[in-house]
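Student: This is the structure I want to talk about, given as structure tokens.
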Amino acid sequence: MAEICCEEAMSPPATATAAVAAAVSASAAAAVSSAIDRRRRRMEMRRIRIASDLELQAGEDGRPGKRQRLARTASGAPRPDEDSASERPSCGRTEEFPRYGVTAVCGRRREMEDAVSIRPDFLPASGKFHFYGVFDGHGCSHVATTCQDRMHEIVAEEHNKGASGEVAPWRDVMEKSFARMDGEVGNRASTRSDDEPACPCEQQTPSRRDHAGSTAVVAVVSPTQVVVANAGDSRAVISRAGVPVALSVDHKPDRPDELERIEAAGGRVIYWDGARVLGVLAMSRAIGDGYLKPYVTSEPEVTVTERTDDDECLILASDGLWDVVTNEMACEVVRACFHNNGPPAPAARPSGVPSSAEAAETENGGAASVKGISKAESSDKACSDAAMLLTKLALARRSADNVSVVVVDLRRGL
């Protein structure tokens, strides 16, 4: 005990140093505590201000906390969707951009013969009508790309042909549009300008120009309806309250009604690596394929489906997906992506896409050519994730064809 007391008495500098260190530590702790308190007060004041702002923004329906939904003018600039018309700019109508995602890949094929067309607001004078199309070419890609460039224009022209300003029924519109599209493809050689390069298939074998064709599944989505026209084995499926509903039926040569039609026209269905028209084509309806007419027809089957609050999504895809993925599985994948991404934000117009969506950069290569949007862009992350995941699923399941997928969000009130 004496030694300890003596040592403490003989080392006053150490005691002073310890005291200074303790004082500094206490001062630092007090400073940190003070900073935390100030930050806590700032956060509390910020929460109070946000709560006050949200109460002021609450609508007459008494739902505080709802953020104002963003709308977009024709110029693409976002702004709040106020109810007062006087506060809206007089130039440019208000439009809510559709939510969609698209993915298209060559897959295990040597060449890319798929084409995708997305044309938001393709009927500007008739309200919010959005055009989506998937075209799966065979023999060559020129028929699919021609459909990609022209189908929406033909549909718009036929839609506006009603007498005395009346709108023609959608069934008639689609049937006439597909017939016109088929005629344009058949007359391609005579209508092609000298400056336009010839298709590779024409350069190699000019006499086989009519040996190419394409499927066509087209959807026109309005606020109240989904109109689908299909020729071939591409498919449209809608998910409604968790249940997949096919809006088109594949045109296979061995489908009983198609087999009867082909045989009535004098043709035959030969089983050569599956059922094929004259042993050649594995589908019974398509755009083009002039050498197989009248057995292969371009007449589409058209469905007009009324939209409901239970509708979740619309999926358009080539048979590269549907050959290996069921309707149920595809809808489950999309719903999972929607769930993981939460409620959708207002869709953003992809850069460079005007409201008429008539011009876009076209690129060749491994990915499909997508007109109306840049092939790398979608307007909604959840839809884009779903389209990408479905494509990867098809490739993982050894799909042997090009794979093109379009996913459209149909949910309301979000």
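Glycine is no exception: its Cβ is also placed from the backbone N, Cα and C atoms.
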Student: Need a hand: Swiss-Prot gives Asp319, Asp401 for Mn(2+) 2, which of Asp136, Asp149, Asp172 is also on that list?
Tutor: Asp136
Student: Pick from 289-316, 345-372: which stretch is listed in Swiss-Prot under region 'Disordered'?
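Tutor: Result: 345-372 is the stretch Swiss-Prot calls region 'Disordered'.
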Student: Whole-number Å only: compute the distance from the Cα of Asp319 (Mn(2+) 2 binding site) to the Cα of Asp136 (Mn(2+) 1 binding site).
Tutor: 8
Student: Does DSSP give Asp319 (Mn(2+) 2 binding site) helix, strand or coil?
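Tutor: Where Asp319 (Mn(2+) 2 binding site) sits, the three-state DSSP reduction gives helix.
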Student: If one measures from the C-alpha of Asp401 (Mn(2+) 2 binding site) to the C-alpha of Asp136 (Mn(2+) 1 binding site), what distance in angstrom results, rounded to a whole number?
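Tutor: With distance taken Cα to Cα, Asp136 (Mn(2+) 1 binding site) is 10 Å from Asp401 (Mn(2+) 2 binding site).
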